[in-house]
């Protein structure tokens, strides 16, 4: 290790590979302090050191390559054609040599298929259902519109809506008697059957109650109208009095 460091220092020099020497090199003070007799030898040694040391580059400073780029470059030096991905039909040896193998011409639609393609197609057709099932299960969350999902996961059917209007069942007569108008058939039916004394008493009582409610409502309305009329009359009298007083 020490020999390697000494050898590198002798090649590069004390100043370094890319370090510019701005002033005089080190050790000049000691050389100045020496007698004049040794100045000539010192100047010669300095000149030799300057001539031996490599000059720094005058251009822009060199950029150190990234570790990823250096790794790629080393791999490319080891394998010159390693970055060339071989096509699926070509062997690995041809791709490593870098000479592409001549491909066969495209087949015409009417040409008969090669003999080895029929069993391969049959094997692929036999392996398709399982592969499709696996594809459907793996793409269930990614591609919900996939074709297989319609068979495996059918969509729920909406319940049929209840019919409206004429199609609905009519309520019984007792519950709809007060809300819907009575038909002539129902009146005739009641007249034919006759009315029991209990029902007649109930009808009379309900009729009297309705009359009493009507009387009370009219009385309250008349009582409310009287103060309103008096207020209007008073206002008119006040206005007339004020006019007459003027």
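Note: Cβ is positioned from N, Cα and C throughout, glycine not excepted.
Quick caveat, the model's predicted, so the values are computed rather than measured.
Annotation source Swiss-Prot lists region 'Disordered' at 9-125 (among others).
Taken from Swiss-Prot, the feature compositional bias 'Basic residues' applies to 27-37 (among others).
Annotation comment: Swiss-Prot describes 54-64 (among others) as compositional bias 'Pro residues'.
Residues annotated as compositional bias 'Pro residues' in Swiss-Prot: 101-117 (among others).
The region 'Disordered' annotation in Swiss-Prot covers 155-203 (among others).
Marked as compositional bias 'Basic residues' by Swiss-Prot: 161-176 (among others).
The annotation phosphothreonine is assigned in Swiss-Prot to 179 on the grounds of a large-scale study or a structure entry.
In the structure as shown, the Cβ atom of residue 196 (phosphoserine) sits within 10 Å of 9 other Cβ atoms. Feature annotation from Swiss-Prot assigns phosphoserine to 196 (among others).
Sequence-distant neighbours of residue 210 (phosphoserine) (same chain, six or more apart, CB under 8 Å from its CB) are absent. The phosphoserine annotation in Swiss-Prot covers 210 (among others), and the record cites a large-scale study or a structure entry as its basis.
Using a 10 Å radius centred on the Cβ of residue 220 (phosphoserine) and all shown protein chains, the other Cβ atoms total 10. Taken from Swiss-Prot, the feature phosphoserine covers 220 (among others), and the record attributes it to a large-scale study or a structure entry.
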In whole Å, how far is residue 220 (phosphoserine) from residue 196 (phosphoserine) when you measure between their Cα atoms?
-> 37
DSSP, reduced to three states, assigns residue 220 (phosphoserine) to helix
